[in-house]
Amino acid sequence: MSETIEEITSVMGAERIGNAPARIDWILTDSRSLCFPEETLFFALKTKRNDGHKYIHELYERGVRNFVVSDLPENGEAYVDTNFLKVANPLRALQRLVAKHREQFQIPVVGITGSNGKTIVKEWLYQLLSPERIITRSPRSYNSQIGVPLSVWLLNEHTELGIFEAGISEMGEMEALRPIIQPTIGVLTNIGGAHQENFTSLQDKCMEKLQLFKDCDVIIYNGDNELISSCVAKSLFTAREIAWSMKDTERPLFIESISKDETGTTIKYRYLGFFKEYRIPFIDDASIENSLNCLAVALYLMVSPEVIAERMLRLEPVAMRLEVKEGKNGCVLINDSYNSDFASLDIALDFMARRTEDKGRKRTLILSDILESGQVSKLLYRQVADLVHSRGVDRIIGVGEEISAYASRFEIEKQFFRSTNELLASGVLSGLRNEVVLIKGARVFHFDDITDVLELKVHETILEINLNALTANLNYYRNKLKPETKMVCMVKASAYGAGSFEVAKTLEDQRVDYLAVAVADEGADLRKAGIHCPIIIMDPEVSAFKTMFDYKLEPEVYSFQMLEELIKAAEREGAANVPVHIKVDTGMHRLGFAPSDMPRLAERLHRQSTVIPRSIFSHLVGSDSDRFDPFTRRQIETFEAAAADLQKEFNHKIIRHICNTAGIERYPGAQFDMVRLGLGLYGIDPYTNRILHNVTTLKTTILQIHDVPADETVGYSRKGVLSRDSRIATLPIGYADGLNRRLGNGHAYCLVNGKKAPYVGNICMDVCMIDVTDIDCKEGDKAIIFGDDLPVTVLSDVLETIPYEILTSVSGRVKRIYYQD
Ligand SMILES: *Cc1c(COP(=O)(O)O)cnc(C)c1O
């Protein structure tokens, strides 16, 4: 829905510089997501780490002409036909603009908050309440201070119901989100310990969340939760309450019984004196609770119990993830079965575009009809075609009657099929080669069948990498830094086993200052895959200097001899201005110059002009242990003195860094100009062994289950002696995959359906056996080797080693799957 620049200026109370006419359809806060420059208004947001003002010039070059800024660019006259709207705080201006936008709509709006289940409740409400209502909802989990305004901006003249989620991480934030969402129906899913860092108590957090509901007509929550009930009572809202309860018959929505069986759960309830029931195809407690919240909303909106029951039965699981997988014939598959609406299509296309920036790979989109958008199809598919063109898609494969009818709109290589089966039968899929393929379809189209055909199936054992958790860990450590402190992220050893490209790409997107790898080939691979960010090579080999110059990699320099070789090679290859990083040995006694070498080093560097000292650093020996604190402090002092000795011989600033993960946590005074984050990025706090946000999960599948009598043994050398009649499951993972052989014979366990299953007998090269006698499971069920509920530190403790070793031991033949919510 477009607004004129005049309206926008006045709503935000901005000072307008420039008088170019403009209508705005799109709001942009992340320059990398630009799609429709002419109709875009860019908000130059300042965060602790970054400043949107830096991207104004680049966006102008790409055609953007409307900017909300707090500071005008210096050479303002250079921007022709451009509007700058100057405000004190662009984020607040964005929020104010969208709050005003929201006010135009006199429609019911559901606001959902709580610690878990927000996105599922939102999507299920959508499944339950459409198609009669045209619904606008938050794309994916857009629920932050920026995500909420971007979501609510999507409200348009067709919308009949809005559903938005709101997430907060500190006090005061809900106050900003309430006027943007202005919910009429409030749903509080639950309150748990997630994102607790900035709240003093659960009660504080609950009270803060309830702020969203101050002006609601009705509030929906679990009346059996004492914390929530007491907070609601304290909030003194005048709104009607639908507190559902399984215990208290006085509550407006009384849940009489919940009965689970093999395939689902039947729930009986009483509302307004009527006894009714429904059934869902899920049996876990979280799904039941989510369905109860949805039930309350639907009843309040006067959906009949019969329609509710009919649709509850058809609820679909919500695929929260956008997955990247290896496909056949060199293809990369991006699988997004989240849903098929326009907003999430845009996000998925943006994701694809960023992952193929300059690898020259063909971008193919497999897209189904877009269902239930509430828009006139002609207009809708014109917009889809515009989006597809501007996101640089090279080929579209459309599936469905509707999208096929608008085939002519797409001016790129194209094929259309009336159904998924028709596409599968056509042979088109087996012709895909070395492409990046985005698979995006409404659920009724069963695009899983397409993924099945395209996916490379090598091994049942996979390592899953959660890219959101990676970012959350990065931000956790960033928050411990001074705003000006730079960061190197260590992606050596294939990003501690997680796989370097996707991890590096995610970090580059988060604008970290440097990446570091061990050897030149790792750096070259990242460059070939399209990583631009500066890369430090920690263990440069003399034989690889040419590779380093060719790919603009920055070596560490640790000795005079190595420095001579490097200078010689640089002169021979005609390389100039090669940045290098000087390593000083302050106690590790591994590699590095002695602190006393600095004057001589400075003198040598001045006598040549091919290499330039960019940074100076040292490595801490025992920053993760109190025992070594005096030694660590001495290392820091020695380093500081050596760095000063070198710096005083140069005019340009030489960046200083010494802290690794534990150093960041424990020596905030030793940040100098930069820090090097390693293990913490992957979610492990080396000081406490605590898991921050778990990034990697190693999982596999039960191949076979045997009933083995007590007098038999399991595995090689008859080591697996049984003390009772047992059920023994076989897993396709062995020591060649990185499952350490010393975990066998009951020394450790994996998780099957949440329960501990000990390893029985010796672990073999490619398989192992586990005891599942007491676990309800079947062939094909998953087994977690390590992951969310079984931290990798449990295994490293058993093996008396460090988590680093477990992570980096997962062998290359284990397929990596990356996902983000
Ligand atoms: C690996 C490495 C780091 C990162 O250490 P963590 O303990 O994983 O944070 C930092 N500096 C150097 C020189 C390293 O080799």
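Using the three backbone atoms N, Cα and C, a Cβ is placed for every residue, glycine included.
These features come from TrEMBL:
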ACT_SITE  K492  active site, proton acceptor
MOD_RES   K492  N6-(pyridoxal phosphate)lysine
BINDING   R590, M765  substrate binding site
DOMAIN    695-819  domain 'Alanine racemase C-terminal'
ACT_SITE  Y716  active site, proton acceptor
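K492 (active site, proton acceptor) sits 17 Å from R590 (substrate binding site), taking the Cα positions as reference. Taken residue by residue with DSSP, M765 (substrate binding site) is part of neither helix nor strand, so it is coil. The secondary structure of R590 (substrate binding site), as reduced to three states from DSSP, is coil rather than helix or strand.
Note on the domain 'Alanine racemase C-terminal' (695-819): mean pLDDT across this stretch is 95. Taking each Cβ in turn and tallying the other Cβ atoms within 10 Å, the top scorer among the recorded positions K492, R590 is K492. Under DSSP, the residues of the domain 'Alanine racemase C-terminal' (695-819) split into helix, strand and coil as follows: 23 helix, 47 strand, 55 coil. The Cβ neighbour count for M765 (substrate binding site), using a 10 Å radius and every protein chain shown, is 12.
Secondary structure at K492 (active site, proton acceptor), taken from DSSP and collapsed to helix, strand or coil, is helix. Listed in sequence order, the residues of the same chain lying 6 or more apart from Y716 (active site, proton acceptor) and placing their CB within less than 8 Å of its CB are G761, N762, C764.
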